[in-house]
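Database features (TrEMBL):
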| type | residues | note |
| --- | --- | --- |
| TRANSMEM | A:12-31 | transmembrane segment |
| DOMAIN | A:70-250 | domain 'ABC transmembrane type-1' |
| TRANSMEM | A:77-99 | transmembrane segment |
| TRANSMEM | A:111-130 | transmembrane segment |
| TRANSMEM | A:136-155 | transmembrane segment |
| TRANSMEM | A:199-220 | transmembrane segment |
| TRANSMEM | A:232-253 | transmembrane segment |
Amino acid sequence: MSTQTGLKARLVAMGAPTLSILIFLGLWLAVSLGNRTVLPVFNPVLLPTPMEVVQSGIDAVRSGDLQRDILASLSRVFQGFILAAIAGVFMGVAVGTWRPLERLVEPMIEILRPIPPLAFLPMMVLWFGIGEMSKIAFITYAAFFPIFTTTLEGIKYVDPLLIRAASSLGASRADMFRHVVLPAALPAIITGLRLGFGLSFFVIVAAEFIAADSGLGYLINDARTFFMVSQMLMGAAVIGIIGFTFNVALRALEARLLRWRSVARA
Amino acid sequence: MDIASTADPVAATGDRLTKISIQGVGKVFGDNIALAKVDLDLAENSFTCLLGPSGCGKSTLLNMIAGFAKPSSGQILVDGKPVTGPGADRGVVFQEYALFPWRTALENVAFGPMLKRRGRAEQREIAMHHLAKVGLAGHEHKYPGNLSGGMKQRVAIARALANDPTVLLMDEPFGALDAQTREVLQEEMLRIWEQDRKTVVFVTHSISEAIFLADRIVVMGTRPGSVKEIVDPDLPHPRERTEREFIALERHLKHLVRAEVQKLGVI
């Protein structure tokens, strides 16, 4: 009985997003086909149908281009993100634990943070060349900030009552860090990593517009050069699907690592 | 009626050993005198309630015994040694429970033994024993987020006891609980104390709670925070709230506390 209602609830939960996507695709198809047949408003080349976009994806897979571009982008994203994660978490923890360092570093971060990372892209190309280095450095730079700032907040705003409780149980400074500060900051750190990963994906496309011979950004830009609208849309759709997939996976990982939080909400 | 009442706070630890000695302790926050020169000796294995309205400095005094705050003047000795900071010899139970939300009930209670580098099996055994003692057998693997307020406070008490402190400091531990849960926990607290015999310092603003629990009630006054009167209720346990002596003492304390509240003016 309960499993049945559980299944039903799950179907309902999945039904709404599916319906929303179907409506979106339906509208797109209607506009595209409508423009071609009933009511011509714009040049049909400008808006291919969803089927044409899928076809262009199939073609790209057949030629092997799509796999190569996805792999190139993912590899850059992973390398840049991992560097940013290490630097951001490490510095966030260090700055959050040690007050003098915070006073030294915080103003620098506050000056750099509002500048859109893209503003530095030309400089990165200048410094690191048009190879992989510039893209990875750029992603690292962009993803660093959300990871660093959320880690810092997490470390800084640990409930002082928990610190008191642990110290009255005999916790040393090292114990306190390992058993109270880090676990208390973990939700913030994970949120920061998720934001950082999202941002890595966000900026890689722009980096690949400027200087690259592979990657999804290159795929889109290349399609623009040759006016292949279906391929442009296909590139964007692939980025959306990959981003969505990773976000779902990261959220599942988060729910698992922070089981105590999801349990508490149940 | 047999109520020992004395204006001399240092007297009457009787022939029991002094566990906590508060000597000329004052605390100032800026211009505000939170606590003016308090002298108080607490006997080993005694159950003392610090009773008073908000702003009488009872929590401040408790925090200084715990080592969370330093006295502005005077000193506090525990076992003859001055308090310099928090320590495992003084367990603390907070009104807000202060459980680690990412640890299960069992892991919370095992925190002290874990810090003492006990083996895993031993940590578990100690934690299970203390959880059972507070009536939470069967709830070991729940997270604090899944426990009721009363259960959370039981876990917090078990966590403090599992560390085997000689002093148990409790800061309005039942203040956030509903009246029924509160009375049940008061009874259990007495039962535990009779088994474990710690030196308990219990902060409360509830007069009936103080009379029900304490073998010494320190009534604190306001403006500035200070000890106003010390009452040793000499009633046999379990104390019945409807008994004549209980009510008489309640009335006496109510007058004392009300006078202190009135000193604060409009509140």
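Placement of Cβ uses the backbone N, Cα and C atoms for every residue, glycine included.
All TrEMBL annotations are machine predictions without curation.
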Spatial neighbours of the transmembrane segment (A:12-31) far in sequence, C-beta under 8 Å, 6+ residues away: 47, 49-50
For the transmembrane segment (A:136-155), sequence-distant contacts whose Cβ falls under 8 Å of one of its Cβ atoms, 6 or more beyond its ends: 76-77, 79-81, 83-85, 87-89, 91-93, 95-97, 102, 109, 112-113, 117, 120-121, 124, 127-128, 181, 184-189, 191-193, 195-197, 199-200, 202-204, 207
Closest-packing stretch to the transmembrane segment (A:111-130), where packing means Cβ pairs under 8 Å, from A:77-99, A:199-220, A:232-253: A:199-220
Long-range environment of the transmembrane segment (A:232-253) - Cβ separation under 8 angstroms, sequence gap at least 6: 48, 53-54, 56-57, 60, 66, 69-70, 74, 193-194, 197-198, 201, 205, 216-217, 219-220, 223-224
Distal contacts, the transmembrane segment (A:77-99) - CB-CB under 8 A, six or more residues away: 105-106, 132, 135-156, 177, 181-182, 185, 189, 192-193, 196-197, 200-201, 204
